[in-house]
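**Student:** The structure is given below, and queries will be raised subsequently.
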Amino acid sequence: MADEATTTPLLASYKAKPAKAPSIDDAIETYIGATGAGQLFKAILLAFAWAFDAQQVFISVFTDAEPRWHCTAGADPSCSPGAASPCALPPGAWAWDRPAETSVVSEWALKCAGPALVSLPASSFFAGCLAGGFLLTTLADSLLGRRKMLLVSLASMSVAGVLTAFSPNVWAYAALRFVCGFGRSMVGTCALVLSTELVGKRWRDTVSVAGFVCFTVGFLSLPALAYTFREASWRSMYLWTSLPSLGYAILLYFLVQESPRWLLVRGRKHDAIETVRQIAALNGGGGITCSFSMLHACATEREDDAAGGAGGGGGGVFATLRSMWERRWALRRLAAIMTASFGVGMVYYGMPLNVGNLGSNLYLSVTYNALAEFPSSVLSWLLMGRINRRSSVVALTAAAGVCSLACVAIPEGTGGRMAAEVLSFFATCTAFNIILMYSIELFPTSVRNSAVGMVRQALVLGGVAAPMLVALGRERSFWSFGVFGLAVGCLGLFAVCLPETRGRSMSDTMEEEEHKEAAAAIGDMDSNADLV
């Protein structure tokens, strides 16, 4: 009797325990099977959006470059080729080495207008990225979804780029760069999140790295285009980058589906099932006629989560931000990774703009920086599979800071300074890639696009400050290389506040992530108890 009395409650408790609902990952992969060539092709096609993103980010390195100048024949005796600036020389005593229309600086005589006006267009672009990121980031998690948001962003970025080619003055040019940045703000985020949510768990890291490789391809295309149009107007650069981007957006409209994970989180299970059928057809499973009971179970659970609060799929456009704001653990994660991202973004966007201060060939310097992104993408992929995310970010930002500070001490125009700059940019690129993949794992599906968007805006905020520092660095290198090094090295230390995510499965709702956080805390307590 005593045995019966002690065992019955345990049996009752065991029988009362509800069955665990299948995860979205397991449910989707059950029906679509292994990621096939067609599915992988669409994910990589999505990743190519990063190429057009890179072109708009770094195009001002060439269009806003400060051209070289020379003294004219019979010029004033005070004219000297070694002078730092021709602003004090009389008109006609000097001339540009190339036609004035090759750069906005020479076409609109901005060289002597001061660093604020010279840096205005680039800063306006990054300010537009920042504004667009904060205003549009929640739409991909709420109303529009990843696919529609990506198409809207690509189309608006491309149209603004075409209109930029017809700017009549620097003020219109800066305004259109702001609009272009506003539209561009969600391209990389939506492409990254959507491409990783369309493939199985095994291929997520690979697809993420494919996006970074495509970004490198777009970056690398710029010096080739700029060299081709070196004697032509800077306006040609905008036309040749924006029109293909618009065509690419039209292609995506017909070829790419919405994320089934997002559809399930939003309670749109019929659309999710139809999307899974289409993906399964790509993988050779087009004849499946099953009931999709696992997906129905997932959708039912997500609908319950949505009814319970903003952690699920409901609550309006800004529910995702409110959901993170109301949870201390989410706010702590977001603040820490955004702080580290600000330092990384300052160097990532600032270094290519700053290559003109190295005293070397502009085309070769930009090419070296672009080529540094290829091994950076490979290293990111290797590190994500083998090394902790947190320690990788801290180590890489520290290395980038040391190399950037070294540029202050190394004399201008030397190979050592060029090498230190490339190494700093290489470490920063790798940290940039890992931070983006890290942020995908830190936040659940219901808020993932918003969280990744906020992280990218912190990166862009660093880019807003970079052009002014670059302009100041033309007079004293500490204001560019020195500030870059201190920012990325010190702010990267905030990554130690983040939890490690390597090897963990991705959550779908805030509640699910909280359960994992609690389980991890209990596990740590048990481990400490065992040690005692």
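The backbone N, Cα and C atoms fix where each Cβ goes, and this holds for glycine too.
Caution: TrEMBL annotation is automatic and unverified by curators.
The model shown is predicted, which means the values in this text are computed figures rather than measured ones.
Features from TrEMBL:
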type	residues	note
DOMAIN	39-503	domain 'Major facilitator superfamily (MFS) profile'
TRANSMEM	116-137	transmembrane segment
TRANSMEM	149-166	transmembrane segment
TRANSMEM	206-225	transmembrane segment
TRANSMEM	237-256	transmembrane segment
TRANSMEM	330-350	transmembrane segment
TRANSMEM	362-384	transmembrane segment
TRANSMEM	391-411	transmembrane segment
TRANSMEM	423-443	transmembrane segment
TRANSMEM	455-472	transmembrane segment
TRANSMEM	478-498	transmembrane segment
REGION	507-532	region 'Disordered'
**Student:** Mind checking which residues of the chain, 6+ beyond the ends of the transmembrane segment (478-498), have their Cβ under 8 Å from one of its Cβ atoms?
**Tutor:** 332-333, 336-337, 339-340, 342-344, 346-347, 350-351, 354, 357, 389-390, 393-394, 396-398, 400-408, 421, 424, 428, 431, 438, 442, 462, 466, 469-470, 472
**Student:** Any residues 6+ beyond the ends of the transmembrane segment (362-384) with a Cβ under 8 Å from its own?
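**Tutor:** Counting only partners 6 or more residues beyond its ends, the transmembrane segment (362-384) has Cβ contacts under 8 Å with 58, 61-62, 65, 205-206, 208-209, 212-213, 215-216, 219-220, 222-223, 226-227, 351-352, 355-356, 392, 418, 421-422, 425-426, 429-430, 433-434, 437, 502.
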**Student:** Six or more residues beyond either end and a Cβ under 8 Å away: which residues meet both conditions relative to the transmembrane segment (116-137)?
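**Tutor:** For the transmembrane segment (116-137), the nonlocal Cβ contacts are 56-57, 60, 64, 66, 104-105, 110, 149, 153, 170, 173-175, 177-186, 189, 349, 353, 449-450, 453-454, 456-457, 460-461, 463-464, 466-468, 470-471.
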